[in-house]
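See structure below.
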Amino acid sequence: MKAASRSRPLEDQDALLSEPASPCGVVEAKPRGAIIAAEISQQLKWGTRGGYAARGVVYLVVGILAVLAAVGSTQAENTRGALLEILTQPLGDVLLAVVGIGLAAFGLWRFAQSIGDLDDHGSDAKGLLLRFFLFCSGVIHMGLAAFVVSLLFAIGGGGGGSGDPTSGWLTWLFGQAWGRWVALGLCLVPVGIGLAHLYKGWSAGYEKYLDLDRDKMKMVRPVCSLGLIARGVIFIVIGVLAFYAGGIYDASSAPGLEDALSYIQGLPFGTLLLLLVALGLVAFAGYCFVEAAYRRIRMGSVTISDPTPQ
């Protein structure tokens, strides 16, 4: 019995994680590697949350500019135009650098979601399609992060507000001898992403990823749903315009976000429609901020929720 009361060697104690004792009074041991992995995952969550917040900032600027365009004060801009607008503000280079880091973090998170299937979409046809859309989102946001670098360091290609990642790869494809037909097929990608947004917003499918109680969920639901539906409409319009551009126009006509907003403004009751979509983009920014604060973030087998009380 004396041996049982003898203290453990130091190296054995280091291998233990402070956990409640089992019913038998034995402390569960965890390998040091698992403890370190959990700590790293806990740190990585802040980069991911920062990525969601950075995306929210970009779409907040896009939405505000679209609202101003609807009332005739300025013209609608795409995400790159929004980044340029941030650069013109006081301490704009600092703000833009922070946003750029967040966008890069968000792009990496999208790649992890897609390749690692961190949200358990599965490997059936639907799951693979959703993971493909997540991968496309990663490409787009890494492209935006690269654009931020080009602006901050005056690298060629960062001077204009026209074009965005969607427009960029379509323009390249339209310029190839074989690319027009491939581009026409790939125009279905933004349409598919848009339809997925519409369904997610209408069905409130995002709720299972948010660590919120019923009352708070009820408060944020209208904003989140409106934002997703508005962004879905934008993606569908971009896909339709891209298909039309691929069949009719030359490579320089590949459309982007600002083209979709301008097209909406040109419809009957276009000013009202643009205002509604613009407010929807502001709501989407709100959805991004909600995700930044409350999304359940899974790093491999570790699920990280916001630790603050609900």
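Residue positions begin at 1 at the first shown residue.
Glycine is no exception: its Cβ is also placed from the backbone N, Cα and C atoms.
What you see is a predicted model, and the numbers here were worked out from it, not measured in a lab.
The domain 'DUF1206' annotation in TrEMBL covers 51-115, 135-203, 226-295. Taken from TrEMBL, the feature transmembrane segment covers 52-74, 94-112, 132-158, 178-199, 220-249, 269-290.
Under DSSP, the residues of the domain 'DUF1206' (226-295) split into helix, strand and coil as follows: 60 helix, 1 strand, 9 coil.
Scored on C-beta pairs under 8 angstroms, the neighbour of the transmembrane segment (220-249) with the top count among 132-158, 178-199, 269-290 is 178-199. DSSP labels the residues of the domain 'DUF1206' (51-115) in these numbers: 53 helix, 0 strand, 12 coil. Same-chain residues lying 6 or more positions outside the transmembrane segment (269-290) and placing a CB less than 8 Å from one of its CB atoms are 52-53, 55-60, 62-64, 66-67, 69-71, 76, 206, 210, 220, 223-224, 226-231, 233-234, 261.
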